[in-house]
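**Q** Take a look at the following structure, please.
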Amino acid sequence: MTELDKRHRSSIYDSMVKSPNRAMLRATGMTDKDFETSIVGVISTWAENTPCNIHLHDFGKLAKEGVKSAGAWPVQFGTITVADGIAMGTPGMRFSLTSRDIIADSIEAAMSGHNVDAFVAIGGCDKNMPGSMIAIANMDIPAIFAYGGTIAPGNLDGKDIDLVSVFEGIGKWNHGDMTAEDVKRLECNACPGPGGCGGMYTANTMATAIEVLGMSLPGSSSHPAESADKKEDIEAAGRAVVKMLELGLKPSDILTREAFEDAITVTMALGGSTNATLHLLAIAHAANVDLSLEDFNTIQERVPHLADLKPSGQYVFQDLYEVGGVPAVMKYLLANGFLHGDRITCTGKTVAENLADFADLTPGQKVIMPLENPKRADGPLIILNGNLAPDGAVAKVSGVKVRRHVGPAKVFDSEEDAIQAVLTDEIVDGDVVVVRFVGPKGGPGMPEMLSLSSMIVGKGQGDKVALLTDGRFSGGTYGLVVGHIAPEAQDGGPIAYLRTGDIVTVDQDTKEISMAVSEEELEKRKAETTLPPLYSRGVLGKYAYIVSSASRGAVTDFWNMDKSGKK
């Protein structure tokens, strides 16, 4: 590959008529020699509002050093983030999923608007990862994602705790099992420093999935935020993206159908977040890879759940790092025929070649169960179907002993109303709590229900009360929960016509989600019901009008699809 080939976009500045453009670039420090090299963007979601992202500006500088040491010119950019843990349970949560697509669009705009030849995207909070990957897939120029790393566990009275411990503490306080002072002690010790939330929650799930896809460096997803390994992998990402340029390696070479199958496989084995379904569908859509909810069920049936990680297990993500990390898990799964070892990754090597350099899981470790004695014989993420969710719904059943729940619905049109019912003991064992009109269009923004689900668990009703919604759940959620119900209420899905007292069935063995309401009664209720108008102001108004169903990834660019489904 020639130097000009490596400058496949920035060479636009070479001509005489681009002298004014170069004048601007010289003010940023570029010299004649720099104009002869590739321009590589380094864009992060740095912000001071959350531990997930507070360190990312410094990480951007490390990535720049890597780019420069590889002979290219680095340029640092910033984009937005919305911190789920801070927005949770507030009106701000409507902006969380919305931010995923804003991040994707802003990265594409900044990188394309400045004609960079390649880029490194650095993220820390939940929507940063899929947002970055949607942009990477859409642009299809050499690019790597670098994760800011997982937070260290907090410690209280010799016991590891995390943010979810505080959410559940509210339920325990309401139930009389904790004092306000107990909760304050949790609050003050749960988050000891920078990094993404520490269990197998959404941030760590998506960072892992991206590593498995082959779009971040091997081992990087499980390096803790404050570790020396993390600083090294961030700098290495800068060097690696220049190597991708030299190889002519693009995301479309890496993001294959087999790559997504492997990402789902590892997500199942580690007990990842329900949000993985939404985000992997969206990334696949951007990459023009055919992926559907049914693919998750197909893989779920053959892949056991091996990881004893929070929220349903006892270990945090840093514990996985200490026994070999994601590469050791992948190596174990590859050796047992679960992964495609021959596909290419961002290193220019295959999955199998990358993993050959890593050690096996530490002998005697207890974070990852053996295939002969898994935590669960099949995967913990299940796609449900039935007359309550004709287009599907997503359940996470890790740690759930109840395989079938049948009970009366208690229907709420907002999370706030449902929370009030829980706090005032209106929800009794056997109930099915339903929160609707909180889907992608109805929210708008499909907010997560961690505040609500954690209160139910904290009150000791996690296995006794089912929680259903057309919204989402945090990766920190566990219990009898079903989200992403589609079609959503705002689109006139059956959940819009469910009434308090209707009997609802959730069965993880038959993968059923149904309501005991006849077609005739349902049609009668439709005729009697007027759906609320779409939200129509600002960014949420735009989002509500263009976002797709959750069953298709809640993406925002479906209007230009041809019959093949390609963009």
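Any Cβ shown, glycine's included, is placed from N, Cα and C.
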**Q** Can you match one of Glu416, Glu426, Glu448, Glu488 to the Mg(2+) site that Swiss-Prot gives for Asp84, Asp126, Lys127?
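**A** Record source Swiss-Prot; matching candidate: Glu448.
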**Q** Looking at Swiss-Prot, which one out of Cys52, Cys188 binds [2Fe-2S] cluster in the same site as Cys125, Cys197?
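**A** Candidate in the recorded [2Fe-2S] cluster site: Cys52.
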**Q** Specify all same-chain residues, apart from the site residues Asp84, Asp126, Lys127, Glu448, whose Cβ lies within 8 angstroms of the center of the Cβ atoms of the Mg(2+) site, ordered by sequence.
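**A** Neighbours found: Val82, Ala87, Ser96, Leu97, Cys125, Thr202, Asn275, Ser474.
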**Q** Within 10 Å of Cys125 ([2Fe-2S] cluster binding site) (Cα-Cα), which of the recorded positions Asp84, Glu448, Ser474?
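**A** Correct set: Asp84.
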**Q** Considering only the binding-site residues Cys52, Lys127, Cys197, which fall within 10 Å of Ser474 (active site, proton acceptor) when distances are taken between Cα atoms?
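**A** Correct set: empty; none qualify.
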**Q** Near the [2Fe-2S] cluster site, what residues other than Cys52, Cys125, Cys197 in the same chain have a C-beta no further than 8 Å from the centroid of the listed C-beta atoms?
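**A** The surrounding set, listed in chain order, is Thr50, Pro51, Asn53, Ala83, Asp84, Gly85, Gly124, Asp126, Ile151, Gly195, Gly196, Ala203.
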**Q** To the nearest whole angstrom, state the Cα distance for the pair Asp126 (Mg(2+) binding site) and Cys52 ([2Fe-2S] cluster binding site).
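**A** Asp126 (Mg(2+) binding site) and Cys52 ([2Fe-2S] cluster binding site) have their Cα atoms 9 Å apart.
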**Q** Check Ser474 (active site, proton acceptor) against DSSP and tell me helix, strand or coil, would you?
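**A** Assignment for Ser474 (active site, proton acceptor) reads coil.
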